[in-house]
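Feature list (source: Swiss-Prot):
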type	residues	note
TRANSMEM	12-32	transmembrane segment
TRANSMEM	34-50	transmembrane segment
TRANSMEM	66-86	transmembrane segment
TRANSMEM	112-132	transmembrane segment
TRANSMEM	161-181	transmembrane segment
TRANSMEM	200-220	transmembrane segment
TRANSMEM	227-247	transmembrane segment
TRANSMEM	268-288	transmembrane segment
TRANSMEM	291-311	transmembrane segment
TRANSMEM	354-374	transmembrane segment
Amino acid sequence: MTPPSTGGEATPVLVLMVALGSILLVSASNWLSVYLAIELPTLSLFILVAQKRGSGFSAEAGLKYFVLGALASGLFLFGCALLCGLTGGTSIPCIDLVLNQGRGPALDPSGVITPIGSLLITGALLFKLSAAPFHMWAPDVYDGAPTTTTALLATVPKVGVFSILVSIGPVANVLLIATIFSMVVGALGALNQTKIKRLLAYSGIAHMGFVLWGIEIGTFESVQASLIYMILYVIMSVCAFAMVLALGGLKNLIVEFSGLSRKEPALAITLALTFLSIAGVPPLIGFFSKWWILLSGITYQYYLVSILAVICSVVAGVYYVRIVKIIYFQADSFFLVGLKTLREKKRINFRKSLLIGASFYLMGFMIISPNLLLQLAHWATVGLF
(Lines of atoms letter the chains of each structure in order from A and count residues from 1; the text may use other names and numbers.)
(Lines give C-alpha, C1' and ligand atoms only; values in the text may rest on other atoms or scores of the structure.)
Protein backbone atom coordinates (compact mmCIF):
# COMPACT_ATOMS: atom_id res chain seq x y z
CA MET A 1 0.00 0.00 0.00
CA THR A 2 1.36 3.42 -0.98
CA PRO A 3 1.89 5.73 2.01
CA PRO A 4 -0.05 8.99 1.98
CA SER A 5 1.69 12.02 0.56
CA THR A 6 2.95 14.58 3.04
CA GLY A 7 2.73 17.43 0.56
CA GLY A 8 6.48 18.01 0.59
CA GLU A 9 6.78 17.22 -3.12
CA ALA A 10 5.11 20.52 -4.03
CA THR A 11 7.24 22.65 -1.71
CA PRO A 12 9.94 23.63 -4.27
CA VAL A 13 7.26 24.68 -6.77
CA LEU A 14 5.47 26.77 -4.15
CA VAL A 15 8.72 28.43 -3.07
CA LEU A 16 9.49 29.30 -6.71
CA MET A 17 5.99 30.77 -7.05
CA VAL A 18 6.67 33.00 -4.03
CA ALA A 19 9.93 34.17 -5.59
CA LEU A 20 8.29 34.70 -9.00
CA GLY A 21 5.46 36.75 -7.53
CA SER A 22 7.89 38.98 -5.63
CA ILE A 23 10.00 39.55 -8.77
CA LEU A 24 6.89 40.43 -10.79
CA LEU A 25 5.75 42.79 -8.04
CA VAL A 26 8.99 44.77 -8.19
CA SER A 27 8.53 45.40 -11.93
CA ALA A 28 4.73 45.89 -11.92
CA SER A 29 3.32 49.27 -12.95
CA ASN A 30 -0.36 48.35 -13.31
CA TRP A 31 -2.78 47.79 -10.45
CA LEU A 32 -4.09 44.55 -11.97
CA SER A 33 -0.60 43.12 -12.37
CA VAL A 34 0.23 44.31 -8.83
CA TYR A 35 -2.77 42.42 -7.46
CA LEU A 36 -1.87 39.23 -9.33
CA ALA A 37 1.78 39.53 -8.27
CA ILE A 38 0.72 39.94 -4.62
CA GLU A 39 -1.72 37.02 -4.68
CA LEU A 40 0.66 34.56 -6.34
CA PRO A 41 3.04 34.37 -3.34
CA THR A 42 0.17 34.81 -0.87
CA LEU A 43 -1.71 31.74 -2.12
CA SER A 44 1.52 29.74 -2.13
CA LEU A 45 2.28 30.80 1.44
CA PHE A 46 -1.22 29.76 2.56
CA ILE A 47 -0.31 26.18 1.60
CA LEU A 48 3.25 26.31 2.92
CA VAL A 49 2.16 27.62 6.32
CA ALA A 50 -0.43 24.86 6.83
CA GLN A 51 1.40 21.95 5.16
CA LYS A 52 2.80 20.43 8.38
CA ARG A 53 0.57 17.38 8.70
CA GLY A 54 -0.53 16.39 12.18
CA SER A 55 0.33 19.78 13.69
CA GLY A 56 -2.55 21.73 15.16
CA PHE A 57 -0.35 24.83 15.44
CA SER A 58 0.43 24.74 11.71
CA ALA A 59 -3.24 24.32 10.78
CA GLU A 60 -4.21 27.19 13.09
CA ALA A 61 -1.48 29.41 11.62
CA GLY A 62 -2.59 28.59 8.08
CA LEU A 63 -6.24 29.35 8.88
CA LYS A 64 -5.40 32.69 10.51
CA TYR A 65 -3.16 33.71 7.64
CA PHE A 66 -5.80 32.67 5.09
CA VAL A 67 -8.70 34.54 6.70
CA LEU A 68 -6.80 37.75 7.42
CA GLY A 69 -4.96 37.58 4.08
CA ALA A 70 -8.27 37.24 2.23
CA LEU A 71 -9.60 40.28 4.11
CA ALA A 72 -6.51 42.31 3.18
CA SER A 73 -6.82 41.25 -0.47
CA GLY A 74 -10.46 42.33 -0.50
CA LEU A 75 -9.57 45.75 0.90
CA PHE A 76 -6.79 46.09 -1.67
CA LEU A 77 -9.17 45.29 -4.54
CA PHE A 78 -11.77 47.72 -3.22
CA GLY A 79 -9.17 50.49 -3.03
CA CYS A 80 -7.98 49.72 -6.57
CA ALA A 81 -11.58 49.74 -7.82
CA LEU A 82 -12.17 53.20 -6.32
CA LEU A 83 -9.05 54.72 -7.90
CA CYS A 84 -9.38 52.96 -11.26
CA GLY A 85 -13.08 53.74 -11.48
CA LEU A 86 -12.39 57.39 -10.70
CA THR A 87 -9.67 57.86 -13.32
CA GLY A 88 -10.67 55.30 -15.94
CA GLY A 89 -7.27 53.58 -16.04
CA THR A 90 -5.24 50.93 -14.24
CA SER A 91 -1.70 52.22 -14.78
CA ILE A 92 -0.12 53.44 -11.53
CA PRO A 93 1.88 56.32 -13.13
CA CYS A 94 -1.15 57.48 -15.14
CA ILE A 95 -3.45 57.45 -12.09
CA ASP A 96 -0.88 59.42 -10.07
CA LEU A 97 -0.47 61.88 -12.94
CA VAL A 98 -4.23 62.43 -13.28
CA LEU A 99 -4.80 62.89 -9.54
CA ASN A 100 -1.75 65.06 -8.92
CA GLN A 101 -1.95 67.39 -11.92
CA GLY A 102 -5.05 69.31 -10.89
CA ARG A 103 -7.74 66.96 -12.21
CA GLY A 104 -8.32 65.29 -8.86
CA PRO A 105 -10.92 67.82 -7.59
CA ALA A 106 -12.80 67.68 -10.91
CA LEU A 107 -13.01 63.88 -10.86
CA ASP A 108 -13.69 63.67 -7.12
CA PRO A 109 -15.62 66.80 -6.06
CA SER A 110 -16.31 65.39 -2.60
CA GLY A 111 -12.61 64.77 -2.00
CA VAL A 112 -13.40 61.47 -0.26
CA ILE A 113 -12.95 58.71 -2.85
CA THR A 114 -9.25 59.31 -3.56
CA PRO A 115 -8.02 59.26 0.06
CA ILE A 116 -10.24 56.28 0.95
CA GLY A 117 -8.93 54.29 -2.02
CA SER A 118 -5.33 55.16 -1.17
CA LEU A 119 -5.87 54.29 2.51
CA LEU A 120 -7.35 50.88 1.67
CA ILE A 121 -4.46 50.03 -0.65
CA THR A 122 -1.85 51.21 1.85
CA GLY A 123 -3.50 49.30 4.70
CA ALA A 124 -3.50 46.07 2.68
CA LEU A 125 0.18 46.53 1.82
CA LEU A 126 1.02 47.19 5.48
CA PHE A 127 -0.66 43.88 6.31
CA LYS A 128 1.70 42.13 3.89
CA LEU A 129 4.64 43.83 5.63
CA SER A 130 3.29 42.78 9.06
CA ALA A 131 3.57 46.42 10.15
CA ALA A 132 1.53 47.65 13.12
CA PRO A 133 -1.41 48.10 13.52
CA PHE A 134 -1.89 45.31 10.93
CA HIS A 135 0.51 42.94 12.67
CA MET A 136 -1.82 40.75 14.74
CA TRP A 137 -1.36 37.68 12.57
CA ALA A 138 2.44 37.68 12.51
CA PRO A 139 3.45 36.18 15.91
CA ASP A 140 0.96 33.28 15.73
CA VAL A 141 1.66 32.49 12.08
CA TYR A 142 5.45 32.70 12.49
CA ASP A 143 5.28 30.41 15.51
CA GLY A 144 2.92 27.83 14.00
CA ALA A 145 4.44 27.58 10.53
CA PRO A 146 7.46 25.37 9.73
CA THR A 147 10.71 27.27 10.25
CA THR A 148 11.63 27.27 6.55
CA THR A 149 8.23 28.75 5.68
CA THR A 150 8.58 31.33 8.43
CA ALA A 151 11.94 32.43 7.02
CA LEU A 152 10.41 32.73 3.55
CA LEU A 153 7.37 34.61 4.86
CA ALA A 154 9.54 37.05 6.82
CA THR A 155 11.80 38.04 3.94
CA VAL A 156 10.94 37.52 0.26
CA PRO A 157 7.38 38.98 -0.05
CA LYS A 158 8.34 42.13 1.86
CA VAL A 159 10.85 43.25 -0.78
CA GLY A 160 8.19 43.44 -3.50
CA VAL A 161 5.68 45.21 -1.25
CA PHE A 162 8.39 47.74 -0.37
CA SER A 163 8.75 48.69 -4.06
CA ILE A 164 5.00 49.28 -4.44
CA LEU A 165 4.85 51.45 -1.31
CA VAL A 166 7.68 53.56 -2.73
CA SER A 167 5.77 53.88 -6.02
CA ILE A 168 2.56 55.18 -4.43
CA GLY A 169 4.38 57.28 -1.81
CA PRO A 170 3.18 58.39 1.64
CA VAL A 171 -0.60 58.73 2.07
CA ALA A 172 -2.01 61.24 4.60
CA ASN A 173 0.61 60.41 7.26
CA VAL A 174 -0.56 56.77 7.36
CA LEU A 175 3.02 55.56 7.00
CA LEU A 176 4.15 57.86 9.81
CA ILE A 177 1.47 56.44 12.12
CA ALA A 178 2.44 52.90 11.09
CA THR A 179 6.09 53.77 11.74
CA ILE A 180 5.41 54.87 15.31
CA PHE A 181 3.10 51.95 16.08
CA SER A 182 5.50 49.41 14.58
CA MET A 183 8.49 50.68 16.55
CA VAL A 184 6.59 50.69 19.85
CA VAL A 185 4.73 47.39 19.36
CA GLY A 186 7.83 45.62 18.07
CA ALA A 187 10.00 46.80 20.96
CA LEU A 188 7.51 46.15 23.78
CA GLY A 189 5.83 43.05 22.36
CA ALA A 190 9.02 41.00 22.30
CA LEU A 191 10.01 41.66 25.91
CA ASN A 192 7.95 38.82 27.39
CA GLN A 193 8.36 36.27 24.59
CA THR A 194 9.77 32.83 25.38
CA LYS A 195 9.76 31.39 21.85
CA ILE A 196 12.38 32.44 19.34
CA LYS A 197 10.08 32.65 16.29
CA ARG A 198 7.55 34.83 18.10
CA LEU A 199 10.42 37.07 19.19
CA LEU A 200 11.63 37.30 15.57
CA ALA A 201 8.07 38.19 14.52
CA TYR A 202 8.00 41.20 16.84
CA SER A 203 11.54 42.04 15.79
CA GLY A 204 10.37 42.13 12.17
CA ILE A 205 7.50 44.45 13.12
CA ALA A 206 9.96 46.89 14.71
CA HIS A 207 12.27 46.75 11.70
CA MET A 208 9.40 47.47 9.32
CA GLY A 209 8.82 50.65 11.33
CA PHE A 210 12.28 51.88 10.34
CA VAL A 211 11.71 50.90 6.70
CA LEU A 212 8.37 52.74 6.57
CA TRP A 213 9.92 55.82 8.14
CA GLY A 214 12.28 56.23 5.19
CA ILE A 215 9.37 55.90 2.74
CA GLU A 216 7.33 58.44 4.74
CA ILE A 217 10.13 61.02 4.52
CA GLY A 218 9.90 60.56 0.76
CA THR A 219 13.28 61.89 -0.40
CA PHE A 220 15.76 60.03 -2.58
CA GLU A 221 18.24 59.66 0.29
CA SER A 222 15.63 58.37 2.75
CA VAL A 223 14.23 55.82 0.30
CA GLN A 224 17.76 54.68 -0.45
CA ALA A 225 18.38 54.28 3.29
CA SER A 226 15.13 52.28 3.60
CA LEU A 227 16.17 50.02 0.74
CA ILE A 228 19.55 49.39 2.37
CA TYR A 229 17.75 48.65 5.64
CA MET A 230 15.43 46.18 3.89
CA ILE A 231 18.33 44.37 2.20
CA LEU A 232 20.27 44.06 5.45
CA TYR A 233 17.14 42.98 7.34
CA VAL A 234 16.62 40.16 4.82
CA ILE A 235 20.24 39.00 5.11
CA MET A 236 20.23 39.07 8.92
CA SER A 237 16.85 37.32 9.09
CA VAL A 238 18.02 34.57 6.74
CA CYS A 239 21.08 34.00 8.94
CA ALA A 240 19.00 33.95 12.15
CA PHE A 241 16.34 31.57 10.80
CA ALA A 242 18.98 29.30 9.25
CA MET A 243 20.63 28.90 12.64
CA VAL A 244 17.29 28.29 14.38
CA LEU A 245 16.60 25.61 11.76
CA ALA A 246 20.08 24.12 12.13
CA LEU A 247 19.85 23.90 15.92
CA GLY A 248 16.49 22.15 15.62
CA GLY A 249 14.99 22.92 19.03
CA LEU A 250 12.07 20.73 20.08
CA LYS A 251 9.95 23.61 21.38
CA ASN A 252 11.68 26.61 19.70
CA LEU A 253 12.21 28.06 23.17
CA ILE A 254 14.82 30.76 23.67
CA VAL A 255 16.17 28.96 26.74
CA GLU A 256 17.10 26.01 24.51
CA PHE A 257 20.11 28.10 23.46
CA SER A 258 21.57 27.71 26.95
CA GLY A 259 24.95 26.01 27.01
CA LEU A 260 25.38 26.44 23.25
CA SER A 261 28.77 28.13 23.69
CA ARG A 262 30.18 24.95 25.25
CA LYS A 263 28.72 22.50 22.73
CA GLU A 264 28.85 24.49 19.46
CA PRO A 265 31.21 27.46 19.97
CA ALA A 266 31.27 28.42 16.27
CA LEU A 267 27.47 28.47 16.04
CA ALA A 268 27.26 30.30 19.36
CA ILE A 269 29.46 33.21 18.26
CA THR A 270 27.66 33.38 14.89
CA LEU A 271 24.25 33.44 16.55
CA ALA A 272 25.33 36.01 19.14
CA LEU A 273 26.83 38.37 16.54
CA THR A 274 23.76 38.00 14.32
CA PHE A 275 21.36 38.98 17.10
CA LEU A 276 23.61 41.85 18.19
CA SER A 277 23.64 43.05 14.58
CA ILE A 278 19.84 42.84 14.42
CA ALA A 279 19.78 44.90 17.63
CA GLY A 280 21.91 47.58 15.96
CA VAL A 281 24.96 47.31 18.21
CA PRO A 282 28.01 49.09 16.72
CA PRO A 283 30.20 48.34 14.83
CA LEU A 284 28.01 45.60 13.33
CA ILE A 285 26.15 46.20 10.08
CA GLY A 286 22.73 46.51 11.74
CA PHE A 287 23.94 49.68 13.45
CA PHE A 288 24.78 51.36 10.14
CA SER A 289 21.38 50.55 8.62
CA LYS A 290 19.64 52.25 11.56
CA TRP A 291 22.13 55.11 11.49
CA TRP A 292 21.34 55.95 7.85
CA ILE A 293 17.59 56.00 8.56
CA LEU A 294 18.09 58.16 11.67
CA LEU A 295 20.32 60.52 9.71
CA SER A 296 17.58 61.03 7.11
CA GLY A 297 14.99 61.60 9.83
CA ILE A 298 17.10 64.20 11.64
CA THR A 299 18.02 65.92 8.37
CA TYR A 300 14.34 66.43 7.53
CA GLN A 301 13.38 67.47 11.09
CA TYR A 302 11.62 64.33 12.34
CA TYR A 303 13.09 64.97 15.77
CA LEU A 304 10.41 63.36 17.94
CA VAL A 305 10.30 60.24 15.77
CA SER A 306 14.11 60.08 15.94
CA ILE A 307 14.02 60.17 19.75
CA LEU A 308 11.32 57.47 19.78
CA ALA A 309 13.38 55.33 17.39
CA VAL A 310 16.42 55.53 19.65
CA ILE A 311 14.36 54.65 22.75
CA CYS A 312 12.71 51.69 21.00
CA SER A 313 16.09 50.46 19.75
CA VAL A 314 17.45 50.54 23.30
CA VAL A 315 14.41 48.65 24.61
CA ALA A 316 14.69 46.10 21.80
CA GLY A 317 18.37 45.66 22.58
CA VAL A 318 17.39 44.25 25.98
CA TYR A 319 15.91 41.04 24.61
CA TYR A 320 18.70 40.56 22.07
CA VAL A 321 21.34 40.89 24.79
CA ARG A 322 19.25 38.48 26.88
CA ILE A 323 19.65 35.87 24.13
CA VAL A 324 23.43 36.37 24.17
CA LYS A 325 23.36 35.97 27.95
CA ILE A 326 21.47 32.69 27.62
CA ILE A 327 23.94 31.42 25.01
CA TYR A 328 27.04 32.12 27.09
CA PHE A 329 26.14 32.44 30.76
CA GLN A 330 23.05 30.34 31.50
CA ALA A 331 23.30 26.68 32.48
CA ASP A 332 20.72 24.10 31.41
CA SER A 333 17.76 23.52 33.71
CA PHE A 334 16.59 19.98 34.55
CA PHE A 335 13.73 20.43 32.08
CA LEU A 336 16.11 21.34 29.26
CA VAL A 337 18.49 18.52 30.12
CA GLY A 338 15.57 16.12 29.76
CA LEU A 339 14.50 17.64 26.45
CA LYS A 340 17.99 17.54 25.00
CA THR A 341 18.49 13.96 26.19
CA LEU A 342 15.36 12.84 24.35
CA ARG A 343 16.29 14.76 21.22
CA GLU A 344 18.36 12.94 18.66
CA LYS A 345 21.57 14.85 18.03
CA LYS A 346 21.85 15.84 14.38
CA ARG A 347 24.80 17.19 12.49
CA ILE A 348 24.24 20.37 10.52
CA ASN A 349 24.11 19.44 6.85
CA PHE A 350 26.02 21.16 4.07
CA ARG A 351 23.10 23.25 2.78
CA LYS A 352 22.37 24.80 6.16
CA SER A 353 26.07 25.41 6.78
CA LEU A 354 26.39 27.07 3.37
CA LEU A 355 23.36 29.31 4.01
CA ILE A 356 24.62 30.36 7.44
CA GLY A 357 28.15 30.93 6.17
CA ALA A 358 27.08 32.93 3.10
CA SER A 359 24.71 35.23 4.99
CA PHE A 360 27.18 35.76 7.84
CA TYR A 361 29.95 36.47 5.32
CA LEU A 362 27.78 39.13 3.66
CA MET A 363 27.13 40.75 7.04
CA GLY A 364 30.86 40.88 7.75
CA PHE A 365 31.85 41.96 4.23
CA MET A 366 29.44 44.91 4.27
CA ILE A 367 31.02 46.22 7.48
CA ILE A 368 34.45 46.27 5.84
CA SER A 369 33.38 47.41 2.37
CA PRO A 370 29.86 48.89 2.18
CA ASN A 371 30.51 50.72 -1.11
CA LEU A 372 29.09 47.92 -3.26
CA LEU A 373 25.85 47.85 -1.27
CA LEU A 374 25.54 51.64 -1.39
CA GLN A 375 26.08 51.69 -5.16
CA LEU A 376 23.56 48.91 -5.81
CA ALA A 377 21.01 50.61 -3.55
CA HIS A 378 21.58 53.90 -5.40
CA TRP A 379 20.90 52.30 -8.80
CA ALA A 380 17.83 50.48 -7.48
CA THR A 381 16.43 53.67 -5.93
CA VAL A 382 16.90 55.52 -9.23
CA GLY A 383 14.76 52.80 -10.84
CA LEU A 384 12.07 53.12 -8.17
CA PHE A 385 11.87 56.89 -8.61
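Glycine is treated like the rest: Cβ placed from N, Cα and C.
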Which range out of 161-181, 227-247, 268-288 gives the transmembrane segment (354-374) the most CB pairs under 8 Å?
227-247
Can you tell me which parts of the same chain pack against the transmembrane segment (12-32), counting only residues 6+ beyond its ends and a CB-CB cutoff under 8 A?
38-45, 47-48, 80, 83-84, 90-93, 95, 152, 156-157, 159-161, 163-164, 167
Let me check one thing: do the transmembrane segment (291-311) and the transmembrane segment (200-220) come into contact, meaning three or more Cβ pairs under 8 Å with sequence separation of at least 6?
yes
So what's near the transmembrane segment (66-86) in sequence-distant terms, Cβ-Cβ under 8 Å and 6+ beyond its ends?
31-32, 34-35, 38-39, 42, 46, 50, 95, 99, 107-108, 113-114, 116-121, 123-125, 127-128, 134, 136-137
Which stretch, 112-132, 227-247, 268-288, tops the Cβ pairs under 8 Å count with the transmembrane segment (161-181)?
112-132
Excluding the flanking five residues on each side, which residues at least 6 beyond the ends of the transmembrane segment (227-247) place their CB within less than 8 Å of a CB in that stretch?
147-148, 150-151, 154-156, 158-159, 162, 196-197, 200, 204, 207, 210-211, 214, 256-257, 260, 264, 267, 270-271, 274-275, 277-278, 285-286, 289-290, 292-293, 348, 352-353, 355-356, 359-360, 362-363, 366, 373-374, 377, 380-381, 384
